[in-house]
Amino acid sequence: MAVFKTTLWRLISGTLGIICLSLMSTLGILLKNSFTKLSIEPAFTPGPNIELQKDSDCCSCQEKWVGYRCNCYFISSEQKTWNESRHLCASQKSSLLQLQNTDELDFMSSSQQFYWIGLSYSEEHTAWLWENGSALSQYLFPSFETFNTKNCIAYNPNGNALDESCEDKNRYICKQQLI
């Protein structure tokens, strides 16, 4: 009888040991995957006190796009000419960024990069126009009159704009308006 109890005890403790090892292994794998996902950083850092929208009622964006104030933004990490950037945005059913106001990109306020935006000079209208044909509001870029009309406009989320040859390569921002 004593031999039977010892054998049964060893069988139970061995089984519990194997179950414990399996649970520990599973926990280790889950923790490793969790830390790997956390270490992936986006191409920009959101500013303080700004909540990015993810799958909210008014904003559901594609993968690699950022939802903010019911718009979706694609912030490129690769550099392209202005026309290449424009075509890439159009292929994603969006357009190069058209700014509504200077705080539209608050979520990118820590970025120092310049990005192509959808602003170009129209010889026909003798005015700076956004891709949708609307005119530029002068309050967006107070020193705008110094820009060369043969160039394209690059914008920094800190509110700076500069004109560069359209053949230069910059990162770009695509925007999809959802509402």
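Every residue, even glycine, has its Cβ placed from backbone N, Cα and C.
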Cysteine paired with CYS61, where Swiss-Prot records a disulfide bond, from CYS70, CYS72, CYS89: CYS72
Candidate in CYS152, CYS174 joined to CYS166 through a disulfide, as Swiss-Prot lists it: CYS152
CYS70, CYS89 - which one Swiss-Prot pairs with CYS174 by disulfide: CYS89
Residue pair CYS152 (disulfide bond), CYS61 (disulfide bond) - Cα distance, angstrom, rounded: 28
Among ASN83, ASN132 [glycosylation sites], residue with fewest other Cβ within 10 Å: ASN132
For CYS89 (disulfide bond), nearby residues of its own chain (Cβ under 8 Å, 6 or more apart in sequence): PHE74, SER95, LEU96, GLY118, TYR172, CYS174, LYS175
